[in-house]
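Q: Okay, handing you the structure first.
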């Protein structure tokens, strides 16, 4: 071996952790580039028509001046904050499909960085070097890159802001926590899956006023300013959220929820008779979890906060009606964070991952699965998580 080779090899051995991490970053970028041309019905029927109409309306300067519509005539159900980002994208000399995906991929890496900070914060004793290799897996995690780089969805955006909000909660910086949560809510209604935990924290910890919740709509209004300047109203901004709640007429929209065991999610039968029942059941189960933790005088440590936020988010998605495949993104990411903190959840996580990846396969490639069996599996995984995590919570 030549001396220069020996120096290179010695350097690689000395800095092996960083070399591997750098390699995984490059591979994670390569994976996202490889799937950049993957398209789907959401892109073709919703995202691209919105893009073209916003561009035709004036792009950054006028693109938000009037409503835009999907290919089927449905009014755009994405928030003004996200529509503003679309208007910025129309100014770039780039394929609109790539523009959507690049935006989401940027937040992939911001989210991964937030996860790293969150795990480091919760597990203070951990050597950050020892966290590098597990995070290499996060970089190439299929759910994360499939959601953004393949599907073109923006779930990494609102989940990133929720992750930052959790970091602020752990640090007891409550105003910042609500501002960041408001940003999450400003981008996606699905941020509401984190709201039950904020309510529980309010009741149990008694560290902030209920008035703090008013920060959330205030942030939504602030992020809508570009649209308001162009002639849209505050009422329209909030109508997007109310419109989302009445947009779907099936008990499940591809997500293997509890109600898919009763209705396969393809038919509309049962939706109107069970919609309110499903909401009531969800509220009761969430309340039962909260009661159990309060009754057991559970310590609201930083790790338990993650456990509770995960359980409440999972409960909300599993039992509410009209859930899409990707609506589990928040609890899937929280499950990944918990796995990095507690390997006892490995068995649970493997089951959750398999169900999640099946949903993505169905949504992106049209892979056919028996939804009743998938829903039963999802319910059993949820119950298994309850057993494992509640033991950890009570033990403190």
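If you go along the chain as it appears here, the first residue is 1 and each next one adds 1.
Every residue gets a Cβ built from N, Cα and C, even glycine.
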Q: For which of the residue intervals 151-177, 178-204 does TrEMBL record transmembrane segment?
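A: In TrEMBL, residues 178-204 carry the label transmembrane segment.
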Q: Tell me which range among 70-89, 210-229, 230-249 TrEMBL lists as transmembrane segment.
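A: Within the set 70-89, 210-229, 230-249, TrEMBL attaches transmembrane segment to 210-229.
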Q: Within the same chain, where does the transmembrane segment (210-229) have neighbours whose Cβ lies under 8 angstroms from its own Cβ atoms, ignoring anything closer than 6 residues to its ends? I mean 6 or more beyond.
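A: For the transmembrane segment (210-229), the far contacts come to 64, 79-81, 83-84, 87, 174-175, 178-179, 181-183, 185-186, 198, 202, 236-238.
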Q: Report the listed stretch (17-35, 98-119, 178-204, 329-355, 367-386) having the maximum count of Cβ pairs within less than 8 Å of the transmembrane segment (131-150).
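A: Comparing 17-35, 98-119, 178-204, 329-355, 367-386 against the transmembrane segment (131-150), the winner is 17-35.
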Q: Would you say the transmembrane segment (17-35) and the transmembrane segment (329-355) are touching, if the rule is that at least three C-beta pairs must lie under 8 angstroms and be 6 or more residues apart?
A: no
Q: Under 8 Å between C-beta atoms and at least six residues away from its ends: which parts of the chain pack against the transmembrane segment (306-323)?
A: 118, 122, 166, 192-194, 196-197, 200, 247-253, 255, 257-259, 271, 274-275, 278-279, 281-282, 285-286, 289, 293, 298, 300, 330-331, 334-335, 337-338, 341, 378-379, 382, 385-386, 389-390, 392-393
